[in-house]
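Features from TrEMBL:
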{"type": "BINDING", "residues": "GLU7, ALA8, GLY9, ASN10, SER11, PHE12, LEU13, LYS14, THR119", "note": "ATP binding site"}
{"type": "BINDING", "residues": "TYR87, GLY94, VAL95, ASP96, ARG97, THR171", "note": "substrate binding site"}
{"type": "ACT_SITE", "residues": "ASP96", "note": "active site, proton acceptor"}
{"type": "BINDING", "residues": "ASP116", "note": "K(+) binding site"}
Amino acid sequence: MTTFLVEAGNSFLKSAVLSGAELSPSIRFQAEQIAAMPVPADCQRMLFASVGNEAIAEALFSFAMSQGIECLEIKSEAKAFGVTSAYAEPQRLGVDRWLAMLAAFNEAKGACLVLDIGTAATADLIDNNGQHLGGWIAPGFQMMTDAVLSRTAKVIGLEPTEGELVFGASTGTGLYAGCRAMVTGFVTSAIATAKAQIGQDIPLFFTGGGIRHLPNSMGSLGRYRPDLVLEGLALYS
Ligand SMILES: Nc1ncnc2c1ncn2[C@@H]1O[C@H](COP(=O)(O)OP(=O)(O)OP(=O)(O)O)[C@@H](O)[C@H]1O
Ligand SMILES: CC(C)(CO)[C@@H](O)C(=O)NCCC(=O)O
Ligand SMILES: [K+]
């Protein structure tokens, strides 16, 4: 059985092909490229999940129809694959958060913390029984730099700094490092809060392009899984 998986995020879409239990590497594209998505010839089914607007879902459904393949949209649920949502209205939880949690819990088989640094940054905590204890939503790296650049007169320019966090000696490096520090603080604080709430260190799952902004020393704290949301979607196939 071959299934085409699509995740529509806030800024980009990602697709991958699931053949049996094997998930292909993902590709990243924009909404304008939906009509050109590379569906394998032997694909019978498409599954998608979207945090975007209704137009994206419609474009994905009509693409599937044009290809003559069955198409199913996955939405956040109250409970699935051992995980129970913390939300009183589970459908309101972003489906990217939901799917990342399913993939993480399915692997950790116990308490875990999911950190997704994408367009927005999110943290979600799950206990040993699969109960989601709740999460955080904050701006992602680019959203923060954009906000400072657009709402100040004299902060102009953004100069990348890599490696360990240091203070910047120019506007551009100061802004870049400062926003890296904000991401780092979010992650550090989520880890400490999770530890306090669960009572011990737990596995960490990192995803999202913004993870690159963490200091190198933090990378070793957890598992970096760029396709965690697609892995969660694959559970539904
Ligand atoms: N090539 C790159 N160079 C530098 N930073 C990058 C690059 N790609 C992504 N980022 C950073 O990672 C952050 C988010 O990454 P990305 O767009 O991969 O998130 P995402 O998980 O796809 O988001 P979403 O699913 O919410 O759309 C951006 O804020 C950006 O700063
Ligand atoms: C928080 C984001 C933007 C992260 O991509 C997404 O999961 C979303 O749109 N969530 C809906 C609101 C919520 O999760 O409570
Ligand atoms: K919004």
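Backbone N, Cα and C define each Cβ position, glycine as well.
So that I understand the layout, could you describe where these features sit and how close they are to other parts?
Secondary structure at SER11 (ATP binding site), taken from DSSP and collapsed to helix, strand or coil, is coil.
In sequence order, VAL51, SER76, THR122 are the residues of the chain that are 6 or more apart from GLY94 (substrate binding site) and have a CB within less than 8 Å of its CB.
Remark: ASP96 (substrate binding site) has GLU7, GLY9, ALA49, VAL51, ASP116, GLY118, THR122, VAL229 as non-local neighbours, by Cβ distance under 8 Å and separation of at least 6 in sequence.
With a 10 A radius on its CB, ASP116 (K(+) binding site) counts 28 other CB atoms from all the protein chains.
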Out of the binding-site residues I have (GLU7, SER11, LEU13, GLY94, ASP96, ARG97), which ones have their Cβ sitting under 6 Å from ligand 2?
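GLY94, ASP96, ARG97, in sequence order.
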Give me the non-local Cβ neighbours of SER11 (ATP binding site): same chain, 6+ apart in sequence, Cβ-Cβ under 8 Å, ordered along the sequence.
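In sequence order, the residues whose Cβ lies under 8 Å from that of SER11 (ATP binding site) (at least 6 apart) are GLY118, THR119.
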I'd like the number of other C-beta atoms within 10 A of the C-beta of ARG97 (substrate binding site), please.
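By my count, 24.
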Whole-number Å only: compute the distance from the Cα of THR171 (substrate binding site) to the Cα of LEU13 (ATP binding site).
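About 33 Å separate the Cα atoms of these two residues.
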What binding-site residues in GLY9, SER11, LEU13, TYR87, VAL95, THR119 place CB under 6 Å from ligand 1?
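Near ligand 1, sequence order: GLY9, SER11, THR119.
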Determine the C-alpha span of the substrate site listed in the record, that is the greatest distance between any two of TYR87, GLY94, VAL95, ASP96, ARG97, THR171, in Å to the nearest whole number.
41
